[in-house]
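What TrEMBL says about this protein:
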type: DOMAIN; residues: 405-511; note: domain 'TMC'
type: TRANSMEM; residues: 131-153; note: transmembrane segment
type: TRANSMEM; residues: 201-220; note: transmembrane segment
type: TRANSMEM; residues: 292-317; note: transmembrane segment
type: TRANSMEM; residues: 337-361; note: transmembrane segment
type: TRANSMEM; residues: 373-396; note: transmembrane segment
type: TRANSMEM; residues: 408-427; note: transmembrane segment
type: TRANSMEM; residues: 470-492; note: transmembrane segment
type: TRANSMEM; residues: 513-538; note: transmembrane segment
type: TRANSMEM; residues: 587-604; note: transmembrane segment
Amino acid sequence: MRRMSVFPQHGRALGNLGLSANEIQQEVENKTSELVSDLVNLSARARFQAIRSLPMAFDERKRMRNRVNSVKHSKTIIPANCRQQVSRSFRRFRAGLASAHRYLTIWHDTLKDIGGRFGTSVLSYFLFLKWLLKFNLFSLIINFCFITIPQIVHAPNISSVTGFRGLELLTGVGHFNQTVLYYGGYNGEVIASKPVYNMQLAYFFTIAAYLVLCGVSLIYSMSRSFQKNFVLETGPVSGGAWRLLCSWDFSVVNEKAIQYNKNNLAVQLKESLSERLQEKDKMSLSDRIKHLSLNILAWLISLGLAVGCSAGIYFLGTDQELAFSFNHNPNDLTAEASTLLLPVVVSLINLIVPLLYSLISKMESYSNPRAKIYIIIVRNIVLKMSILGILCSYWLNIVPEKVSCWESFVGQSVYRLLIFDFIFCLFGIFYGEFLLNVIGTTCIQSLGVPEFDIARNVLDLIYAQTLAWIGIYFSPLLPVIQVLKLFIIFYLKKISLSMNCQPPKHSGRAAQIQTVFIALLFFPSFVGALSMVSFTVWSLKPSDECGPFQGLDTPFHTIFNWTASIQGPPETNWVWWIFENVLRSELFYYLISLIILVITYFLWQITQGRKQLIKILRQQIVNEGKDKAFLLNKMQNLQKQRRESVSYSPQDYDQTPHFNPNWMNTLPLDM
């Protein structure tokens, strides 16, 4: 672009060229038109900078800008007013979508309020609950659409329905026994439609797809959380300076919560300093032996409690009169009520034994709060998974031999466990939080307001979700119970948190174990439930009197029957070939496992290389700091030496006057 100036080049005045006033005005107008055309072709940002840099007065630049804008708008097809209206409409539409998304997002404002009043550590529990709610909503939608609706509309499998007596809401039997709530309410008929709808394939693939998607989502969430909470927060950034300067939760706006966060920050700094002191201070041999003895004793007591509770559950579950009396006499209310004994005992164990574990941990007197939290979590997981393992072994080994429609029996047992887990959760909210708050604020004020136990509440959610995953095959509509349960628990916990609890003192430590909670949800919770469902599908013979897979050796044989049916038509031979030569081949799974191991090894090597690079870069930062400190010390020493060299010191001066004979040469020349 030519030089942006309305004056001619070489700086000569137009009047000296022998031009008249009209010619001069015409020349200026031509130069101005050329400048306007050049400015119109520029981008908006470049045009603004060019007009701003013109050697003109402010009013002249303003007129130039208006002229350029008028020429620019005259070249556009759409008028300026129309374009402004369209742009304004799009902005309003975008704002409306954002507002609608905020209103459609479940618990959006409620979660912001919880985070603002109690901090992100307490908020993590409610976000975890919301995450589990999405799992169960997804399961409910796909099960209801692909399994329940076709069964209800086309082929209802209801032989006899018992009248509703009310006790079914607790026991899950009676009126619910022949409904689509359980496995026995479905059959394996092929619905005559275009195309045909195979209920066996729908039941099998719907449950399989849901479990696969849950596994993928858990692995992805676990990896992201591990990267965020372990990889990115290791090293110097997790020290005291980072915690003091960069860890403040700016989402908190409540004054009381701000004071809690200040106290929590002080506690975290004390913990960090105590951990550093513990690394330096070494225990004596006698103290080590005493501490180790207490740990061994505590673990023996904890494992003894877990083994004793599991043995009691096993003997209670295998009691013939209590377990199977209702199956032989469905109209006996006493026998129906006796089925509630096992879930009541399991729920009592899950409520009382964790409190005993907390007392045992106080006996050990751990100086590191994080280690104490981890050990309590491990002990609770061992207890809960031991009980679930005993129940699964009982359901898969004993029940199929005793009950004709054993899948529905297992679904009813899981239903009762979920219902009573919810009831005892309500008891825990009332007796464990409300009464403790009343006692701590009125009777024994030294106890104070109870803290919101994030670890225990999250473990309760993991236990309930494990039951939901175990029962998904035996009761396809079990997610309905879990969704309602999570909805009610969310609001009750929110109210109890606002009225009865305070944020935990070790909130920073509790927030750091969020990755551990997701890992525990994946293993052993999801992996254990997936193993039980897989064993049921691949190894156990289904009931001959109920269910979609009756008459088959295993439920997985429905895939064999399907591939055999599509072997005939030429256009489906490729499906049969893939199933027979790829999916049923051990070599295929061996190669897949080998590829996964190789990829895992390469990713592990990349991770190790990045860790080494980060370590080298951090060492370089430390060395740079040392170099700067060395240079600063060197500069300070030089400055100190220079000041000492030029400082005043008494000297002998020569008082004799001197005469310059060339004084005339020092005078200015123009004198």
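Note: Cβ is positioned from N, Cα and C throughout, glycine not excepted.
Remember, it's a predicted structure, so these values are computed and weren't measured experimentally.
The stretches the transmembrane segment (470-492) and the transmembrane segment (201-220) are in mutual contact, each linked to the other by at least three Cβ pairs under 8 Å (pairs 6 or more apart in sequence).
Counting same-chain residues at least six beyond the ends of the transmembrane segment (373-396), those with a Cβ under 8 angstroms from any Cβ of the stretch are 302-303, 305-307, 309-310, 313-314, 317-318, 346, 349-350, 353-354, 357-358, 361, 364, 366, 406, 409-410, 413, 417, 455-456, 459, 462-463, 466-467, 470, 506, 509-510, 513, 516, 520, 524, 528, 532, 535-536, 540. Summarised as a single figure, the pLDDT of the domain 'TMC' (405-511) averages 87.
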